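**Q** Quick paste from TrEMBL:
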SIGNAL    1-23  signal peptide
DOMAIN    53-170  domain 'Purple acid phosphatase Fn3-like'
DOMAIN    178-281  domain 'Purple acid phosphatase N-terminal'
DOMAIN    293-508  domain 'Calcineurin-like phosphoesterase'
DOMAIN    533-592  domain 'Purple acid phosphatase C-terminal'
Amino acid sequence: MEDSPRSCLKLFTIVLFWCLASAHRVHDYDKHPLSKIDIYKTTVALSDSVSLKANPLILGLKGEDTAWVTVELVNPNPSNDDWVAVFSPAKFNSSTCPAENEEAESPYLCTSPIKYKYANFSDSKYAKTGKASLKFQLINQRADFSFALFSGGLSNAKLVSVSNYISFANPKAPLFARLANGKSWNEMTVTWTSGYSIDEAVPFVEWGLHGETHMRSPAGTLTIEQNSMCGAPARTVGWRDLGFTHTSFLTNLWPNTVYSYRMGHILSNGSDIWSKTHSFKSSPYPGQDSLQRVIIFGDMGKGERDGSTEYANKDPGALNTTDQLIKDLPNYDIVFHIGDIAYADGYIADWDQFLQQVEPITSTVPYMVASGNHERDWPDSGSFYTGTDSGGECGVIAETLYYVPAENRAKFWYSTDYGMFHFCIADTEHDWREGSEQYKFIEKCLASVDRRKQPWLIFAAHRPLGYSSNDWFGQEGSFSEPMGRDDMQKLWQKYRVDIAFYGHVHDYERTCPIYQNVCVNSEVSHYSGTMNGTIHVVVGGGGHHLGTSFIGIPNWSLYRDFDFGFVKLTAFNRSSLLFEYKKSSDGKVYDSFTIHREYRDILACVHDSCGTSTWAS
């Protein structure tokens, strides 16, 4: 048993860590735009003199999953505080409130809109004329839609008028295809969303080589219930049914081969419902010597192409990053989005919108995700941090919507291969310290790779366990997530990790090859021969609002950029790797380096990387 002074010091350190870890994350721009609406205090002031009409009535007649809708508003008593909200399902009054609502009086409204615009968004003269024409972009979200006019601003909202209902031609259509590596190199998983339960229709994927007979693979189906959410707003005003999540496993794939596929449902009457047709290229055999290209970033979020809901302040770079990656699709093979994915924060409808936003990417290349604080963290839910950043989702949404090759998706750590790359993906929202279950996994993952076949060893996690000169980390003095390097750095060094990637900090930063706070290589852009340490990279500028840096620049920080962007890794062969940091605004390279080495350079002993040896023959 520890003596009293040491026990007190340890307790003080732990308490200080939790306090600091929570305090530095409270910012006004972190608040979800929909959280500004005081839903429960909404009152009813319906007026027959107000006209609110939405057109067209039926959307997606040609199978589209998005549509533009025009809302015409005529209001004899206009104000600059008036706003128009999108609701889905279209019926949103108190009859839809859950029985467990904790309000003392039953509210008229208990569900948040999907998004909103101020009535004067497109015409600054609205307050004088009382007329406005607003354009909203809607996506197919398995239910009908209505629009509502509110007066009194967001905090004292009064419902003035409700529009006609509109809907997609097939609200239940299979949508949002997302690919991910399976547990073996020759397996690809296809996950999608639909409105069809397994009692209504049987889900499957039809797939095969171009020009050859296609086969059908069955799919499993998962659902998410409101009572599986851990707290508000996910369990209350932010809840929205996410329909049915289907996953199919395509196995025995030929390496580096293009396949086409489409998701389908067999209805009870024997007819088929189909998605669009997509295609993907299967993974190379582990160790295969061919051109292989990887994209890595974190912290994206969603944008609104119609300009609604103030998402431009919350996730201002999300659409730029998305569009740049769509434009560059032919030039990479796999994506790693390392945490803070949709930033739904308990407003569940955002997940559908994010899935639709990135579908051109996720339907074409494997889109591998990691867990971040905005997916997982919630008090008393098993997360390592006790914050409320997930908005009550406590990991359930991300773990269901995305397949990852983990033994248990509730523990979001896993390994995966892509040709000459071996990836170890950690979950910083669960304990990673020595002695933990995850620490054992990380060491096994790093130790298991055959570096002659897969020389490029990559570690990735959401929070910066390595190095970051973010403002808060600098003030705190750790220059990393507190306790981050304490146990991890000996694993990175022992197993000669090439590059460690992190998100969470919303900027870009690259270190020198480093071990125990010391640069072990004086080179900046061309590394060759033995690598004596690991290069640490923060790449959290995927789209969420940008962060701030520490005023001083540590000597290990080689390049910092406060803009939106992503990293691209290109392995030309087992000896040559190109690293590029690109900005989302123009896709140009702003930082880069190369690594050239041979297998013997990986085997060579460096400080703390080799075990004991003997001169005995």
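Each Cβ is built from the backbone N, Cα and C atoms, and glycine gets one as well.
All annotation found in TrEMBL is predicted automatically rather than curated by experts.
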**Q** May I ask you to check whether the domain 'Purple acid phosphatase Fn3-like' (53-170) and the domain 'Calcineurin-like phosphoesterase' (293-508) make contact, with contact taken as at least three Cβ pairs under 8 Å and only pairs 6 or more apart in sequence counted?
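**A** Yes, the domain 'Purple acid phosphatase Fn3-like' (53-170) and the domain 'Calcineurin-like phosphoesterase' (293-508) are in contact.
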**Q** I'm checking region-level scores; what's the whole-number mean pLDDT for the domain 'Purple acid phosphatase N-terminal' (178-281)?
**A** 97
**Q** List the helix, strand and coil residue totals of the domain 'Purple acid phosphatase C-terminal' (533-592) as derived from DSSP.
**A** 0 helix, 31 strand, 29 coil
